[in-house]
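Annotated in Swiss-Prot:
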DOMAIN    5-122  domain 'Response regulatory'
MOD_RES   Asp56  4-aspartylphosphate
DOMAIN    164-354  domain 'CheB-type methylesterase'
ACT_SITE  Ser176  active site
ACT_SITE  His202  active site
ACT_SITE  Asp298  active site
Amino acid sequence: MKKIKVLIVDDSAVVRQTMADILASDPQIEVMATAADPFIAAERMKSDVPDVITLDVEMPRMDGITFLQKIMSQHPIPVVMCSTLTENGSETAMKALEYGAVEIIQKPKLGTKQFLEESRVRICDAIKAASQARLRKIPARPHAVAPKLSADVILEKPASRAMIQTTERVVVVGASTGGTEALRVFLESFPADCPPIVIVQHMPEGFTRAFAQRLDGICRISVKEAADNDSVIRGRALIAPGNRHMLLKRSGARYYVEIKDGPLVSRHRPSVDVLFRSAARYAGKNAVGVIMTGMGDDGASGMREMKDAGAMTIAQDEASCVVFGMPNEAIKRGGTVKVLPLESIAADVIRHCS
């Protein structure tokens, strides 16, 4: 199998070495070279073109955003932005996604053995997802494998008492690589009084708040990073915070979200499977499930449970996906009622909920 060639661009020698060590631990990935700044990287790329570039957000001589714009406007290559967990770093990382970056990862740092292993899994998975991404030109402006746990580790056993019936529709959405742009298109299409929407987008801790704030500023609906016990109400979308699972719950006729810790599920935290399975349990036929672009199979099993519970389920089609992984797995497992292009999904959801 051909290895994924990666060019690491970061002004910190420590980060470059740490990233190189992490990526070298995966047999599917090869570190082609490292560079301390974009000028060195550009020279290196004249003789060998990488499959994926990891790019620091803030560097001397030329910042990551400027270099990203040059790459995407001339010879697009999948770029994974590597950012520190700061307010400025998060905002810049969101801008990078608009300019064509396909993933954001948090810079590796010291921590517990479990933290380091989860960080390794996330970084290597981000590289693999990026290598599969479909890009477009954008004008300048052997190691231990993390166990693939099911959502059973997060979901408690179902309550035995019957719940009060409700007819309120609720929309649950899962996305990964390419999902930030897909969610923008999706959410911008809704009127201010849309059905409640609950979203899991695979994204590191700290970046989801900036992402939600950016969407809130451009959409007619309200968008916020979810907090534990937030009510699920019309006209608002809740986005799961990075590194926390989010479940849809119900008390009487009131929907709300529960935010909780727990192990990686389907290699992710937050996990789409956790959200979808909770929607199958607590919303049943009143739920609408949407699975969007992304690598892997997170959400595929949960979407099948939703369909079996009577929910309307929609997968984004291959042509409009950046990576046709998660939707394809949901289709293969018989979990989808419809397969639609991205631009048609919101209108279909609105029709179904009206």
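Glycine is no exception: its Cβ is also placed from the backbone N, Cα and C atoms.
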C-beta crowding around Ser176 (active site), within 10 angstroms: 29
Nearest-integer angstrom distance between the alpha carbons (Cα) of Ser176 (active site) and His202 (active site): 5
Residue among recorded positions Asp56, Asp298 with least C-beta crowding, 10 angstrom cut-off: Asp56
Cβ-Cβ neighbours of His202 (active site) (radius 10 Å): 30
Rounded inter-Cα distance in Å - Asp298 (active site), His202 (active site): 10
Spatial separation of His202 (active site) from the residue listed as '4-aspartylphosphate' - C-alpha basis, Å: 20
DSSP three-state assignment (helix, strand or coil) for Ser176 (active site): coil
